[in-house]
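Read the structure below first, then the notes.
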Amino acid sequence: MLCILLISLASSSQVDLHNCIENCNKNGECHEVFMQEPQVNETSGANFMCRCYEGFTGISCNECEYGKYGLLCESCPENEGKICANQGICDMGRQGSGKCRCLSGFNPLTSCIEEKNFMEDWHQQTRVLSFLLISLLLCIVLMHAIQKLPKQFIPASCGAILLGIGIGLVYKFRFPEEELSETFSFDPQTFFLVILPPIMLEAGLSLKKSSFFANIGTIMIFAVPGTILTSLIFGFGLYFLCNTLGLYDLSLIECLLFALDPVATLSIFKAMDLDHNLQSIVLGESIINDAVAITFFKILATYQSEQAQWLEVSFEFLYVLIGSSVLGVIFGLLSALIFKYVDLRLESTIELALFTLLSYLPFLLCEALGISGILCLLFVGMSMNVYTMTWLSTDCSKAITSGFSIFSFICECFCFMYLGISITVASSELVISVIISSIVLMLISRGLVVFFFSSICNKYRSNQILFTHQCLIWLSGMRGAVAFSLALSFPSSNPDIIISTTQYMILFTIFSLSLGIFPILKGLHFIDNLTPIMRHSVNSLSESSEKPEDTRAWLEEINNKYLMKLFAKKNLVDQSS
């Protein structure tokens, strides 16, 4: 059929532009095409098609080909046939500038061909870093002020984003001659190597393991199959509603958009003074969900083609998921053995340094082996919290708890603040249809999956997850730092669409859901004006752990009889549980 169409087009005559869609935007010629089916000796009538000029593409020649930019669809800078010398990304498309966004260390003035001189932009970089550090100080002060406010259920992340928007506007006004998208450009690898590891490690170290493991079945169902099913519903829905992106891009965007934000969620829960068990379900889901989303995203990123073998991707995902989790536990147990036989309690500095290195090393080793360092790091933190921490001195334990919490807090502050700054410096055209469709589909898919899997989990729980609890789990699906970090490293030819969609998805979930969750739950009679009644409402879940299962009982028996005796300090075993 395609061959017949091409032959017909080649032999067709050129006609007036007004016969074609949008006059081919005056970027091509209009041709009359006669289609004829091979089985029938009758023509099906005349059709009009645009034959685009060089550089243009699309049904009405309204788009630029890959590697072209601007209204005239000119070629992006090339070196030996490689766009931006393969050291950067060209700002392509009809709204693009044609400038190269280079990787760290390469000069955009030479289209990423030459490396930058170390001192070439030293003053600019130090000015930007100073500006960011001052902004971080202001962000911390602002978050402290928000926490001192009366209970209005405003997460600190909202303040950080608003501060970032203000900072971007101030810098733009103060230094109008600078290209802000280049000034505030950030290497995505820095997010994965520096920003994300402390967040995931601290999540594992600070997890309330008693309530977490009491609800482990529910958490894992929501976090793994729940995330996958939500992504599938969202992805196929967006594919049919908006064909702006290809199937491969949609597969990646659904992974990053379903990375939940545990910090924003937890801040709301703390404000409502909810029970730890209810917090553990939502917080545990968001933590595991982050690791699953990152793992699936990185696997798909290696298949930069729509011809990917999805069965192979599925097996790869299971291999990475199981392998990273098992290695995380193994590394945690090995660290416990090291501190068991190497007594460093009188050398707090060395003890702290060794713990820090042992906690970060598994991340790098797993990444080097091609599996998920982030997922491994989560289980390393959980294992260290149960076993390794029992062998540490009191001073070191306090330093680790506060130190990792501070570093994670700073990383979260930076991510949200950088998100606000990026909104003011973004130069890409917003695709409103994609943004609105993403928000609507996110709410629908999240709701369907939560209510569906809640009904399944209720069959195996001694106390049911009430409808009001299900609404809370549904509305607590806020996106944040992890989703934005993944968007910045998105391996696509449409990075601007992905980043802008992610930005506004995060803004919607954090501002709309966090500010609206309290009145919505109050309307559902989940929250009463009286705190004791509110606490009584959630105590039913607080006493609910899942029905005793043979598998869980068997794992608990192995842990108590063997693992705790071998890897944990005897007189601190009770304190660690």
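Here the Cβ of each residue, glycine as well, is placed from N, Cα and C on the backbone.
Given the structure is predicted, the values throughout are model-derived calculations rather than measurements.
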Cysteine from CYS52, CYS73 that TrEMBL links to CYS61 by a disulfide bond: CYS52
Have a look at 153-171, 362-380 and point to the one annotated transmembrane segment in TrEMBL. 153-171
Can you give me the Cα-Cα distance between CYS52 (disulfide bond) and CYS20 (disulfide bond) in Å, rounded to a whole number? 12
Return only the integer: C-alpha distance in Å from CYS61 (disulfide bond) to CYS20 (disulfide bond). 10
The transmembrane segment (317-339) touching the transmembrane segment (191-207) per 3+ Cβ pairs under 8 Å rule: no
Long-range Cβ neighbours of the transmembrane segment (219-241) (under 8 Å; 6 or more residues past either end): 212, 247, 250-251, 253-255, 257-258, 280-281, 284-285, 288-289, 292-293, 296, 321, 433-434, 437-438, 441-442, 444-446, 448-450, 453, 456-457, 473
For the disulfide-bonded residues CYS20, CYS30, CYS61, work out the Cβ neighbour count at 10 Å and name the residue with the minimum. CYS30
Among 153-171, 404-425, 431-453, the most Cβ pairs under 8 Å with the transmembrane segment (128-146) come from 153-171
Sequence-distant contacts of the transmembrane segment (431-453), meaning Cβ under 8 Å and at least 6 residues beyond its ends, amount to 221-222, 225-226, 229-231, 233-234, 237-238, 241-242, 244-245, 257-258, 470, 473-474, 477, 497, 500-501, 504-505, 508-509
